[in-house]
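In TrEMBL this protein carries:
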- 192-203: compositional bias 'Polar residues' (COMPBIAS)
- 188-217: region 'Disordered' (REGION)
- 7-24: transmembrane segment (TRANSMEM)
- 30-47: transmembrane segment (TRANSMEM)
- 68-91: transmembrane segment (TRANSMEM)
- 97-118: transmembrane segment (TRANSMEM)
- 130-153: transmembrane segment (TRANSMEM)
- 159-178: transmembrane segment (TRANSMEM)
- 245-263: transmembrane segment (TRANSMEM)
- 269-289: transmembrane segment (TRANSMEM)
- 301-318: transmembrane segment (TRANSMEM)
- 324-344: transmembrane segment (TRANSMEM)
- 356-379: transmembrane segment (TRANSMEM)
- 385-404: transmembrane segment (TRANSMEM)
C-alpha cells in the first residue's frame, strides 16, 4: 500500500510541475491582461481556502481514497477547461474554482497518506526521515514534471494542461489500488458477527456517558465555536501574526510576476524551468541557513537582501541576471519565512496552534484578494517590472521596524523545518 501512496504523490507532483512555472505565461499568450490573470489567481486562492474545511471533513469522515479521487477529477476538469477554452475569462475562472477544490483536497492529505502507510510498513522510520524522503521525492518529481512541461510549452503553451491532465488521470490508478487493498483489509478484519472495526468503534463511541438528547453535543459545539472566536481575537492582537501577513504580502508581487519577467520565445521557457529548479534548491538553502548561528540582525539583513534582489530582478533586462536575482530572493524569502514561522510557533500555546495558522491564512487571503489585482493593474498600466515591485514597500516597512528594535530584542530561533 505504501507503493500506491508513493506513486500517487509522485504523479500529482509530476502533473503540478508541468504547469507550475508556466501557467502565467500561458494565460498571457491567449490574450489575457495581467489584471485578469491576477483576478484568476485570486479565484483559485479563494476556492482553495473555502474548500479546505469541507474536503478535510470528507477525508476524515467518509473515505480518504474517494475524497482524493474527487480532488483529482476536479483538477482534471479544470485542466481540460484551460486546455480548450482558456481564452474565455469566465471559463478560466470556473476552471480555477475546480482546480482550487482539487488543490484543497491535496493540501496535506496527499503527504499524510504517504506518511501513514510508510509508518505502517516500517514502524522504525522516524517522522523527520519520512518528511525528508517525501520532500526529496516532491522536489525531484516537480522538476521532472517541469522538464516535461517545458517541452510541451515549446510545442504550444496550452499543451502544459494536457501534460498535467495525463499525470493526474494516471494518479487515479494508485488510489483505486489503495481502495482495493483497503477493502481486502476490512474484509479480513470483519469479525464473526459481520461487524467491521470501524463499526465497532462507532458503537463504542455511541455508548458514551452523554445523556439522551442533543443538548450535550450542542453545548460542545457552541463551546468550541466560542473558544475559536476567543482564540482568534487574542491572536489578532499578536504582532507575530501580522509579521507573517505583512511579510507574505511583501513578497507577493515578486512571487506572482517573476514568470512574466522571464517570458520569451524559445529561451524564456528554459529560464522559467531554471526558476523552478532554483526554487527547490532555495527551499533547502533557506531552511539550512535558518539552523545556523548568524548575526543578531540576520533577519533584517535577509529582508534587505530581499529588497535589493527584487529591484535587480525587476530592473535588469538580462535573463541570466534576473534568474540569479530570483534565486537569491528565494533563498532569503525561505530563510525569513522560517524565522517568522518559528517566532509564531513560540508565541502561542499548543492548544491554539492550528487555529493560529488558520487565522493567519484567512487574514492573508483577505488581503491577497485585494492586493493581487492591484499588482496586476499596475503591471498593465505601467509595466510588469513595476507590477513586480508593487508590494516591496511592505518589506521596506518591515526592515525599518526591525532596525528600530534593539539588537538584543532580535532573538534568534532555531528553525525546525518539519513544523511547516
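Even glycines carry a Cβ here, placed using N, Cα and C.
TrEMBL does not curate its annotations; it predicts them automatically.
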Long-range Cβ neighbours of the transmembrane segment (30-47) (under 8 Å; 6 or more residues past either end): 24, 86-87, 89, 92-93, 96-101, 103-104, 158, 256-257, 260, 365, 368-369, 372-373, 375-377, 379-380, 384, 387
Recorded stretches the transmembrane segment (269-289) and the transmembrane segment (245-263) touching, at least 3 CB pairs under 8 Å: yes
Per Cβ pairs under 8 Å, the stretch of 68-91, 130-153, 245-263 packing most closely against the transmembrane segment (324-344): 245-263
Non-local residues, at least 6 beyond the ends, that sit with Cβ under 8 Å of the transmembrane segment (356-379): 33-39, 41-42, 45-46, 49, 231-232, 235-236, 241, 244-245, 248-249, 252-253, 256-257, 260, 344, 348, 386-388, 390-391
Which of 7-24, 68-91, 301-318 contacts the transmembrane segment (159-178) most, counting Cβ pairs under 8 Å: 7-24
Considering the transmembrane segment (301-318), which listed stretch of 7-24, 68-91, 245-263 counts the most C-beta pairs under 8 Å: 245-263
Positions whose Cβ lies under 8 angstroms from the transmembrane segment (68-91), at least six residues beyond its ends: 8, 12, 15, 26-27, 30-32, 36, 40, 55, 58-59, 97-99, 101-106, 109-110, 113, 158-159, 161-162, 164-165, 168-169, 171-172, 175-176
